[in-house]
Amino acid sequence: MSVSNITSTHPAAFLLIGIPGLEHLHIWISIPFCFAYTLALLGNCTLLFVIRVDATLHEPMYLFLAMLAATDLIVTSTTLPKMLAIFWFRDQEINFYACLVQMFFLHSFSIMESAVLLAMAFDCYVAICKPLHYTTILTRPLITKIGVVAMTRGVALMTPLPFLLRRFHYCRGPVIAHCYCEHMAVVRLACGDTRFNNIYGIAVAMFIVVLDLLFVILSYIFILQAVLQLASQEARYKAFGTCVSHISAILSTYTPVVISSVMHRVARQAAPHVHILLALFYLLFPPMINPIIYGIKTKQIRDHVLSLFQRKDV
């Protein structure tokens, strides 16, 4: 099927060119990306397996961690296989509707990931600030409701985008200067009035990042106040140590977002591949590093994984 075949409103397919300006290095660039994707797959699948089989890990903290691992798997698996196909086989063509589906899953589950990190902050807050009521507040039905709300929010906010993009005529050609179907990269190819798409995309991004991050910061302000009120220094270290993994996960997720946002504003004249590499770093780094963080910092998970390897040795 040729990308030049045009329907009444949109092309039959788009061309994803990969990383503009670095096409000759695609094979070499694919090596660290493939390695990171492999680590993300192994790490998050291991987390899900350990939490599933170990009944002692069926607690709120680990159930939220399982949600985070699942969203990371979906986000990376939505984009990386096609990206590697571009790098290795120059398989640049992607069906128009497949592009919209990829965009929908990428953005909706990225929003869900932010919601899960917020839920994990709430878990830390209850564990430290209201320890006597922990089991009565964070019940299994509440955790299920939080998961459903997180998914519903992501799906609801992203559902309009495919329908909005479908109504445009794409007169600027079918070539997307990116490795995957990102909303604004597709909008740039559309003709007509795209102001609503631009405003909606920015508004959703700001709403999610600012609102979720604000509540995370508020949670840790209350946590810090509670920790500082503890009598002994040992109790303070122990209380704060329960949240170290979550703080590391937040930093690994939001730091690339902040860096990318700053770069878009202070380095507008930078080569396109700089911004795309930053976007790929944001896409791959958290799913790769989060299982390592929780595997190292969480004794129960670390011991269970080590026991699996010891059984194989026996």
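For all residues, glycine too, the Cβ spot is worked out from N, Cα and C.
Bear in mind that TrEMBL entries carry predicted annotations, made automatically and left uncurated.
Feature annotation from TrEMBL assigns domain 'G-protein coupled receptors family 1 profile' to 43-294.
Here TrEMBL flags 25-50 (among others) as transmembrane segment. If one looks beyond the transmembrane segment (25-50) by at least 6 residues along the same chain, the residues whose Cβ comes under 8 Å of a Cβ in the stretch are 18-19, 57, 65-66, 69-70, 72-73, 76-77, 80, 83-84, 86-88, 280, 284-285, 287-288, 290-292, 294-295, 301, 304-305.
Annotation source TrEMBL lists transmembrane segment at 62-88 (among others).
Residues or ranges marked as transmembrane segment by TrEMBL: 94-122 (among others). For the transmembrane segment (94-122), same-chain residues at least 6 beyond its ends with a Cβ under 8 Å from one of its own Cβ atoms are 10-16, 61, 64-65, 67-68, 71-72, 74-75, 78-79, 82, 146, 149-151, 153-155, 157-159, 161-162, 165-166, 176, 180-183, 186, 204, 208-209, 212, 215-216, 219-220, 246, 249-250, 253, 286.
Summarising the annotation, TrEMBL assigns transmembrane segment to 142-165 (among others).
Sequence-distant neighbours of the transmembrane segment (199-223) (same chain, 6+ residues past either end, Cβ-Cβ under 8 Å): 111, 114-115, 117-118, 121-122, 124-125, 128-129, 157-158, 160-161, 164, 183-184, 187, 240, 243, 247, 250, 254, 257. Taken from TrEMBL, the feature transmembrane segment applies to 199-223 (among others).
Counting residues 6+ beyond its ends, the transmembrane segment (235-254) has Cβ neighbours under 8 Å at 68, 113-114, 117, 120-121, 123-124, 127-128, 209, 213, 216, 220, 223, 226-228, 285-286, 289-290, 293-294, 297-298 in the same chain. Taken from TrEMBL, the feature transmembrane segment covers 235-254 (among others).
Taken from TrEMBL, the feature transmembrane segment covers 274-296 (among others).
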